[in-house]
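Colleague: Dropping a structure here in structure tokens format, bear with me for questions.
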Amino acid sequence: MSETTSTNEENKPPLNGRRAIPPNYSNDEENEVPEMEAFGLIPRGFNPRDYLRVVDIYMFKEPQEINKQEHHTDKYYNPKLIVRRGQAFQIQIDFNRPYKPETDQFWLEFLMGRYPQQNKGTYIPILVGNVLKPGQWGAKIIHRENNSIRLSIMSSATCIIGKFRLYVAVLTPYGILRTRRNSATDTYILFNPWCQLDAVYLDDEKEREEYVLNDVGIVFHGNIEDVKSRSWSYGQFEENILDACLFLMDKAELELSGRGNPIKICRVASAVINSRDDNGVIAGSWNNSYDYGVAPSAWTGSVDILLEYYSSKQPVRYGQCWVFAGVFNTFLRCLGIPARLITNYSSAHDNNANLRLDFFLDDEGKVDTRLTKDSVWNYHCWNEAWMTRPDLPVGFGGWQVVDGTPQETSDGMYRCGPASVQAIKHGHVCFQFDAPFVYAEVNSDIFYTRVEKNGTQVVEKIDTTRIGQLIVTKEVGGDGMVDITEEYKFREGSDEERLALETAVMYGVKKQSTQDTTYQPQTDVDMDFQAQKAVLGNDFKVTITFRNKSRNSYTATTYLSGNIVFYTGVTKSEFKKHSFTAKLESSSSSSFDIVIKSSEYMRDLLEQASFHFFVTARINETGKILAVQKALMLEIPTLRIKTKGELVAGKEASVIVEFTNPLKQTLENVTLRLEGPGVLRTIKKQFGRIPMNSTLTWEAKFFPMRPGLRKLIASLNSDALRHVYGELVVQIQKP
């Protein structure tokens, strides 16, 4: 097949001494397939019309027809046939005369890419037989009538994922007659979580509906004390998204022959989702300036990002972790790999993977920003993809961590995973890929180390419980939150947890012991820090409480530092310094209130309205230091969304978005975005300014596309205020 592809000189691939055929990693490129492939000299009287000839091929590719219904692909906004592997589908072939099985011979050919080869799975000839074997390529006739036959075709449960071209070939004594190239018969084949033989098989129907078919999700953000949520439109069925996702594999230069393997696909996708080192989909920016791009908090879903990348082939600006994770989730679900978005609260970004984050204090007990390199992210989002792991010992299949946010390089590229969640829990971090990094994200300890004038390091406090305290995802079939911390780690302090840690250390996770440094904590005085719920633009108070359990009375020189931070825990600026001396009577508690004024923090506030308080106290009589830190999020006002009249698919409707500016200042450069998968494509609207306390009302007209329960998601972005969201669940009636 591949030898006779083309005789034209100009179509010949460039010579390459190492391989006969150039690398084949474009699903889009095609080869020329001859309509008449002669066996030798053709006699003069030969007329192809005398033989069986294909007049038409009918693919049953409408959403309401059998193929898309049975293969759960009826939601794809795509006119071509889309089926899942390892499951039978039907086509009808109309010939120019009735088909005679005794004398006529025909077969089907599925081709992919420019250099189709049978041994690579990119050229698939299918002969018509009497029986279909599960999970293997085959075809059989299930109905004959007049000049037509109906075929049931089974695809292999391990075949390549992507877009195939279909030809029907008829054998004549002098050569093979083929149908013309017809893009209307192109067939997309996807992963099949409904098929037991597929590597991504998931046995629970409710979970398949959530992790493969749900096109809206929830991103949990905020921090451990104040969990916040917002909706994200995955939109994996929207127009051109499937082609955009296949293009990502071309961009990542994944050989076509490797595209049946979900492990390979996840690994290359985790690199191509970010733009570091391969010009991938999203450029990350964590510095609060988003010139020539969209602020990460303004996106409401993945569709705009993927379509922009597909058309421009240039990284889309800008993303942060939940944007990378949201787009990655769309990619996985679109191809049929079950996937979910995970949030890890208090996520360790440990620069040297030694399971310890070091916060250095100077001799007064203030944090030394020069020496402190590690950071605790308020939260970090990644994805889990569901698959078997035949490359690992038994028991490590199931959910795998994949992370598209560029943090550290893995095998020379910014990528992470797939790493088995089960392996991380049990400390078996020797198994590929990147398990030690994920293990550290959820298991590190925080060391508060005081550096004395002579350079001696004294460990003042070790916090073993803060990192990875809460790991969550959206519940199946609802918008609630599910705590999945126990899937990543055993209960804090349990024997199993210690054993998992020892296993991880044995497999090469670096764990520094406390023996190398002096560690004598102050045990008879406790210090606690609490902050009042605070609304953006208002004053609020924080309280420091000491509990002196000893019979001695002490004085404590106390220092509070209030910082405005990125959600990654990196400080932008210190906005509050306050020090005082606390008298601690024996066997008693004492509390001290400090007021934080809005005028102190509003000027430098970052988009997630996130603060970080550091409190250190030196007990003057013993010289010991107490340290505590706390993240605090301000309440950000939300958008209100409502619709007018009843919503019917295909009929004009209108939606109203309202927002009241709560700040004591005018909002400049305001942008609103509104989208809803299956309801409306993203609409953007710009407003110059919103004066303080005034309300903005925006009415937009749209035509709901599909009936059913749907969600509208809106975001507001401005210079002084970001991360403002609103959502509304709507029921769209059938026309």
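The backbone N, Cα and C atoms fix where each Cβ goes, glycine too.
On a predicted model such as this, the values are computed, not experimentally measured, just so you know.
Pulled the feature table from TrEMBL, pasting it below:
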type	residues	note
ACT_SITE	C321	active site
ACT_SITE	H380	active site
ACT_SITE	D403	active site
BINDING	N443, D445, E492, E497	Ca(2+) binding site
DOMAIN	313-406	domain 'Transglutaminase-like'
REGION	1-30	region 'Disordered'
Colleague: Taking the center of the Cβ atoms of N443, D445, E492, E497 at the recorded Ca(2+) site, which other residues in this chain have a Cβ no more than 8 Å from that point?
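Modeller: Other same-chain residues with Cβ inside the cutoff are T464, T465, I467, G468, K489, G493, L501.
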Colleague: Roughly how many Å lie between the Cα atoms of E492 (Ca(2+) binding site) and H380 (active site), rounded to a whole value?
Modeller: 20
Colleague: When you rank C321, D403, D445, E497 by Cα distance to H380 (active site), which of the recorded positions ends up on top as the closest?
Modeller: C321
Colleague: What are the sequence-distant neighbours of C321 (active site), meaning same chain, six or more residues apart, C-beta distance under 8 angstroms?
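Modeller: Result: W377, Y379, H380, C381, W382, T405.
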Colleague: If I take the alpha carbons of E497 (Ca(2+) binding site) and D403 (active site), what is the distance between them in whole Å?
Modeller: 24
Colleague: Across all protein chains in the structure, which of the recorded positions D403, D445, E492, E497 has the highest Cβ count within 10 Å?
Modeller: D403
Colleague: Report, as a single number, how many Cβ atoms besides its own are within 10 Å of the Cβ of H380 (active site).
Modeller: 28
Colleague: Return the count of C-beta atoms lying within 10 angstroms of the C-beta of N443 (Ca(2+) binding site), excluding that atom itself.
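Modeller: I count 23 other Cβ atoms within 10 Å of it.
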Colleague: On the 0 to 100 pLDDT scale, where does the domain 'Transglutaminase-like' (313-406) sit on average?
Modeller: 91
Colleague: Roughly how many Å lie between the Cα atoms of D445 (Ca(2+) binding site) and D403 (active site), rounded to a whole value?
Modeller: 22
Colleague: Write down the Cα-Cα distance for N443 (Ca(2+) binding site) and D403 (active site), rounded and given in Å.
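Modeller: With distance taken Cα to Cα, N443 (Ca(2+) binding site) is 17 Å from D403 (active site).
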Colleague: Per DSSP, what is the helix/strand/coil residue tally across the domain 'Transglutaminase-like' (313-406)?
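Modeller: For that range the per-state counts are 15 helix, 40 strand, 39 coil.
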